[in-house]
Amino acid sequence: MTNNMNNYPLLSLINSPEDLRLLNKDQLPQLCQELRAYLLESVSQTSGHLASGLGTVELTVALHYVYKTPFDQLIWDVGHQAYPHKILTGRREQMSTIRQKGGIHPFPWREESEFDVLSVGHSSTSISAGLGIAVAAERENASRKTVCVIGDGSITAGMAFEALNHAGALHTDMLVILNDNEMSISENVGALNNHLARIFSGSLYSTLRDGSKKILDKVPPIKNFMKKTEEHMKGVMFSPESTLFEELGFNYIGPVDGHNIDELVATLTNMRNLKGPQFLHIKTKKGKGYAPAEKDPIGFHGVPKFDPISGELPKNNSKPTYSKIFGDWLCEMAEKDAKIIGITPAMREGSGMVEFSQRFPKQYFDVAIAEQHAVTFATGLAIGGYKPVVAIYSTFLQRAYDQLIHDVAIQNLPVLFAIDRAGIVGADGATHQGAFDISFMRCIPNMIIMTPSDENECRQMLYTGYQCGKPAAVRYPRGNAVGVKLTPLEMLPIGKSRLIREGQKIAILNFGTLLPSALELSEKLNATVVDMRFVKPIDIEMINMLAQTHDYLVTLEENAIQGGAGSAVAEVLNSSGKSTALLQLGLPDYFIPQATQQEALADLGLDTKGIEEKILNFIAKQGNL
């Protein structure tokens, strides 16, 4: 992909923020137009995150124009909105490789650029890291500034408020920018608010404010009166949220128009030299400047390749995704059981819960980006006699590990975890791979862990987890299902596997959706294939039988080898005194980079060809070809 840079005369001059800072202020609106158009052209040809970046064009330009990056430290939360940042910081020509194997990362990444201060991917980490960076700069007597940009979704997480509370207490110099692209927080945006933001962020006001405080500290009654007067002024002139952030110890400014580049530059210029923790609330529109994305910001959040002229996203007419299989199952259950409750931490669309939320609104809860709360909320529902189902990505369940143990498992409560995006996820890379859930759940007492090999198995396992009366987890991958026939729901026998094919010498013990590769290989190798179904409790009887009747056992899973399902098999063999040779195939001990799912599996030797080579090499090493 190549963009015709003749269409972008100003942007073509910008190879770093230093180039940007050479422009006159009156050139910035044109640069924003070009940057937005370039972003649309690039992402439409490569796929990626679009709507968020379209909404932060003016903010990104203003930040790099006012702050002396990379000396000043700019931290993006999550990173979906950081595509314009990448374009302005020397990676414009590499945008055609974003989210692709060997290409630039979909999120800010420290190893990629000195302008990427913090590697991100998960939400709500920016303020905590930013505070640490600001404290370090303060202790080194560095004059650098620290700026954190966080969205209105990410700031709902408890970790963000923990960091705000700590920052206010430390009174460290830093700026937190709330990029508010929803109508729910505040609609007070206009000329008056922009003007007031300039006043309250200006050096004259801040000097008078700080000087008065030093004097009035000696006269507590007057000091308290003036503090309440200032809070009242901000509450009236700005928004109700100002009081919250002021109480946390921040000087609140806003909301201001996040698409008015002149006002942003003026406000940020004022705020750059303010002391103590500062909070700037800006209002933006997700998808700004591209009508289809403005109309459907959720649909255009992450997009495949598409035609930007028509604005139509390609439809997927292939087999249903595992997320849809889950969503359909949840609706089917809710039709019969008013006590089933669906819970998601801000992943309604991704987890396949749109239809459920519309048809059963009283049984649906989106708790926002609050994974810890989601799990303990489910605990309370289970105690109250309901049947909670927590739909959560594998990578995000990591954020609620203590709640999984302390609140669910210890009390042995019937909470079902529908774990989406388990295994290799593809283009989002290391921060989003579902590589660890089997390992970190398998050691928890009372847990039932199931690994479906196709969509029908997935449905049956969800139903089994829903009926079993214990903490249960069903892990399934990102992407399309196999296309098998769906059968009526029935509870599976807990901890029992199913024998798929009988062979000789080699037995492949499959955990999950790599079963087609195992079956294809079994014909070549005359191998036995067992779909293990359950990681915990594991089918000890089947493992011991296979160890007695075969020379080699091979375990197959899309999870880290360390502590994974193969390790469970090794533990059974060890405790039973079996010396059968065991080959554990799974994800290696490093963070797996971005690539398509197929590319990643091939690179890891977990496609059919790679599995065959690993098995044959293993047998050769045993001296029995």
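Keep in mind that glycine also has a Cβ here, set from the backbone N, Cα and C atoms.
Database features (Swiss-Prot):
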BINDING   H80, G121, H122, S123, G153, S154, N181, Y290, E371  thiamine diphosphate binding site
BINDING   D152, N181  Mg(2+) binding site
Binding-site residues (H80, H122), the one with most neighbouring Cβ atoms at 10 Å: H80
Distance [Cα-Cα, Å, rounded] between N181 (thiamine diphosphate binding site) and D152 (Mg(2+) binding site): 7
Around the Cβ of E371 (thiamine diphosphate binding site), the count of other Cβ atoms that are within 10 Å: 27
Nearest-integer angstrom distance between the alpha carbons (Cα) of D152 (Mg(2+) binding site) and E371 (thiamine diphosphate binding site): 16
Other CB atoms, at most 10 A from the CB of D152 (Mg(2+) binding site): 18
Residues satisfying Cβ distance under 8 Å from G153 (thiamine diphosphate binding site), sequence separation of at least 6: S123, E182, A346, A368, I369
Cβ neighbour count (within 10 Å, all chains shown) around N181 (thiamine diphosphate binding site): 22
